[in-house]
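Annotated features, as they stand in TrEMBL:
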- 1-20: compositional bias 'Low complexity' (COMPBIAS)
- 1-34: region 'Disordered' (REGION)
- 35-70: domain 'EF-hand' (DOMAIN)
- 107-142: domain 'EF-hand' (DOMAIN)
């Protein structure tokens, strides 16, 4: 008789980890490396203080605002604000989906165009010095205006503004 209860206990213990296994690392996301997904997971886990695997987007938005993301990185802040409008807690996969849909897939033209649009905040259909300055500031880069201008000269076919086509060619180029 003792053998039967012992056999049942391990079965129950095995079932519990399987349930936890459903909260596993998501499958690959186009355009993101495993390291990038891990970094996004670490950021998500900072806000999952109870370890439930879910966060309240309102709290996430408030935290991001207190860190100045509404000014430093409005793209990410607006993405989180959009999640807040859904009104329910989100899990990591939903969070990752929101980020990847906003950032785009670096492997195809549509995704590269989404990334281009993140730079082209003035709607000029090109990336100019002001766009580069803004993105550099959002990313915490300390490049001078001269260094950014030099980047434009090298990357832009006209030497001033990076067109969508220039940007696409840069993004798909494997070696420089």
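Quick reminder: no glycine exception, Cβ is built from N, Cα and C everywhere.
Predicted automatically and left uncurated, TrEMBL annotations should be read as such.
Bear in mind that the values here come from a model prediction, so they are computed numbers and not experimental data.
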Across the domain 'EF-hand' (35-70), what is the average pLDDT of the model, as a whole number?
77
From the DSSP assignment alone, can you count helix, strand and coil residues within the domain 'EF-hand' (107-142)?
21 helix, 2 strand, 13 coil
